[in-house]
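Note sheet for the following structure.
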Amino acid sequence: MKMDQNAASKYHQTFEISGDFPPQPPSKFFDDDGRPKRTGTLWTASAHIITAVIGSGVLALAWATAQLGWVAGPTVLFLFSFVTYYCSCLLASCYRTGDPVTGKRNYTYMEAVKSNLGGFKFKICGFIQYFNLTGTTIGYTIAASISMMAIKRSSCFHEKGHENPCGVSGTPFMLLFGAVEILLSQIPDFHEISWLSMVAAVMSFTYSAIGLGLGIAKFAENGSIKGSLSGISVGEVTKTQKIWRSFQAFGAIAFAYSYSQVLIEIEDTIKSPPAEQQTMKKATLISVVTTTIFYMLCGCFGYASFGDHAPGNLLTGFGFYEPFWLVDIANIAIVIHLVGAYQVFAQPLFAFVEQTTEQYFPESKLVTKDIHIPIPGHKPYKLNVFRLIWRSMFVCMTTLVAMLVPFFEDVVGILGAVGFWPLTVYFPIEMYITQKKVPKWSNKWISLRILSLVCFVISVCAAAGSIAGVLNDLKVYKPFKTMY
């Protein structure tokens, strides 16, 4: 039976309050799970992925390549891209349990784990995923403040000369970034931030292209390729530091490719037919190939330009002073991108907390009631008091932690190490083996296990290197007095 638009809207509102959507045949206004028709496409999914992947991590790749050298640097970049793509395709297949077209949908990464692996691993996955999402928002707050400080310092260097220290405190910029995120966090859910992802994706290409262009210009100015086959030499750093920094570089590269923790949520925005996993696999290929090309170019040209002394952040470490206005444009693009990327990573966590709270307190008007605020020319905005309070508190918490631990390279390395193996490799492989019933000790089973084991060892080494970096930074650190 067909419904008119008003009837459909009323029908949806009835279930929107409780959060339950009864299964029903697909219709003009609803999908097969009773939720409003999804509208995502190959290009919106690609934009979400690129927004999540090409983050501030790209700017640390020249530094990471400098630690590893001309042989290991590009090789590790390529291997991480291949592992990310392969495991992402395995994970995309887990969006529906059973039949890939009509099977039960899993709306989140955690639901996919619960459907395929059961309760215990579900709880472990939930802790790791939401810890990683929270950590990523903290890392993005740090990165955005560093770029805002760089804009101010760039003008200072231009006016007063490169020898002037031009010290700037990061705390006000972190507070400014947090205030903007409090406002944007009131966007109700993932389905309504496609426009923000599109803008952020354009910004990521903008600053990556500027960083690449400046790297090429610097390389042309030098007239020679800097760097060595084995990376930064012992003598520049001690043998122990060389080992730790190499491990830390693994973490930085892993972080640069991390987006698995939001893959299922992105896939849940895609319309069908064709089957969601088909579109998602294509979006994954487009995004990973695009980002890998950018990463190779930025990492390699950055290293060729600066050699062993490549800065930890290509656009804020002042490898480039001029043209100062172009460096400023790049840093503005970074800030705008990180504003959007913060939301891409925070929305799954917001949704989890709000749905869980609604299950425990279904009668609470604070949790379930929406206040309709009219907006001229648009549909009314639904203000939820609990959402306003909880999301604002979350942003305040991440901003506070960012002010306490403002070590960008180390935080990036730890997040990459902690999230890469379990979320990008282990759980997707385990779910694939379970879902496809891969025979034990078959060639495919052994190959998948070896891949998982190798990635685990790399993650442990990367975590150790990044923790050593944090401990070293803490020796001279004073809280709330971050100066660059």
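Placed from the backbone N, Cα and C atoms, the Cβ positions cover glycine too.
Whatever TrEMBL says is automated annotation, not expert-curated.
Annotated domain 'Amino acid transporter transmembrane' per TrEMBL: 39-470, in sequence order. Look at TrEMBL and you will find 42-64, 76-95, 130-151, 193-217, 283-304, 324-345, 388-405, 411-429, 450-471 tagged as transmembrane segment.
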Counting CB pairs under 8 Å, which listed stretch among 193-217, 283-304, 450-471 touches the transmembrane segment (76-95) the most?
283-304
Which stretch from 130-151, 193-217, 283-304, 411-429, 450-471 shares the most C-beta pairs under 8 Å with the transmembrane segment (388-405)?
130-151
Answer with yes or no whether the transmembrane segment (324-345) touches the transmembrane segment (130-151) by the criterion of at least three Cβ pairs under 8 A, sequence separation 6 or more.
yes
State the residues, same chain only, that lie 6 or more residues beyond the ends of the transmembrane segment (193-217) and have a CB under 8 A from a CB inside it; answer 'none' if no residue qualifies.
40, 44, 46-48, 50-51, 54-55, 58-59, 62, 184, 187, 269, 294, 297-298, 301-302, 304-305, 314-315, 319-320, 326-327, 329-331, 333-334, 336-341, 343-344, 347
